[in-house]
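Q: Provided herewith is a single structure, encoded as structure tokens, for subsequent inquiry.
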Amino acid sequence: MIKVVPKVLVMSGYGINCETETAHAFQKAGAETDIVHINDLIAGKKKMADYEIIMFPGGFSYGDDTGSGNAFANKIKNNLFDDLTEFINSGKLILGICNGFQVMTNLGLFALPSTDYGERISALESNTNNRYECRWVHIKENDSVCVFTKGINVTHVPIAHGEGRFYCDEKTYHELKENKQIVFSYCDSEGNPANGEYPLNPNGAYQDIAGICDKTGRIFGLMPHPERSLYSISEPEYQLKKEIAKRNGDIIPEFIENNLQIFKNAVEYFNK
């Protein structure tokens, strides 16, 4: 069987700043990547339909003016939403990280069984402490329908945001939970729920929610940055872990496998 190498459209422009590391993550997972400015899509120089995965990276699109991810989402709504809807209906994948999650939230891409694409069901509000949070956290994969997170339990990832507090109303929360659309929740290093406790839950997210997906499991967004934490050397405790491993005659693996697995799962989706 010939292995399919999916092509990833890594969105760029107007303050997005995580294109390179995001493209690198997909390349390490076995995909081909193109970093494409949104204006090239609007001008027709590149087409969403030519790709299998659309990636909305992190950053500060439009400087978070009018709210994080809002202006970039409006540019897509006004120019590319028909193309995006066609892409979704074709059964392909979309991933958004941090600002990308905020863009996708504003676009209304996390459809419930009771809603259509384009209907916004949640928000990502200012952190409870009204501070920009830049730290490492633990997140736990729930029993979800998300295709990106199979085989992952607890993983260690960095966050970097000022508006990452997930919020939805109680009715929406219960529908997300019942349909297994709550993908990642903040937790401690053992996988125990954060229960809103800072800094385990770094932003005050409702029900500790760090990431959700749409009703199909093919569209996924999260606030933490797995693409920034592929390598073990990036962890803040790396030198300590390295010394302990050395004394025990062990070697630290090159990759934080759970974080790389998110991108591998996307590639493997097209090889089932």
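Easy rule for this one: first residue shown is 1, then count along the chain.
Positions of Cβ are set from backbone N, Cα and C atoms, glycine also.
Residues or ranges marked as domain 'Glutamine amidotransferase type-1' by Swiss-Prot: 8-272. The active site, nucleophile annotation in Swiss-Prot covers C98, and the record cites sequence analysis as its basis. According to Swiss-Prot, the feature active site maps to H225, E227, E235.
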Q: Output, ordered by sequence, the same-chain residues six or more apart from E235 (active site) with a CB under 8 Å from its CB, or 'none'.
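A: For E235 (active site), the qualifying residues are W136, H156, S229, K241, I256.
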Q: Per DSSP, to which secondary structure element type does E227 (active site) belong, with helix, strand and coil as the options?
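A: It is helical.
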Q: Express the distance between the Cα positions of H225 (active site) and C98 (active site, nucleophile) as a whole number of Å.
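A: Cα of H225 (active site) to Cα of C98 (active site, nucleophile) measures 7 Å after rounding.
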Q: Specify the count of other C-beta atoms within 10 Å of the C-beta of H225 (active site).
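A: By my count, 22.
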Q: Inside 10 Å of the Cβ of E227 (active site), count up the other Cβ atoms and send me the figure.
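A: For E227 (active site), the count of other Cβ atoms within 10 Å is 28.
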Q: What is the interatomic distance between the Cα atoms of E227 (active site) and the residue listed as 'active site, nucleophile', given in whole Å?
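A: With the alpha carbons as reference points, the distance is 11 Å.
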Q: Kindly state the mean pLDDT of the domain 'Glutamine amidotransferase type-1' (8-272) in the predicted structure.
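A: Overall, the domain 'Glutamine amidotransferase type-1' (8-272) comes to a mean pLDDT of 98.
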Q: Any idea what DSSP makes of C98 (active site, nucleophile), helix, strand or coil?
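A: DSSP assigns C98 (active site, nucleophile) to coil.
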Q: When you measure from the Cβ of the residue listed as 'active site, nucleophile', which residues in the chain that are at least 6 apart have a Cβ under 8 Å away?
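A: For the residue listed as 'active site, nucleophile', the qualifying residues are C18, P57, G58, G59, I159, A160, H161, G164, L222, M223, P224, H225.
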Q: Name the secondary structure element type, per DSSP in three states, that contains E235 (active site).
A: coil
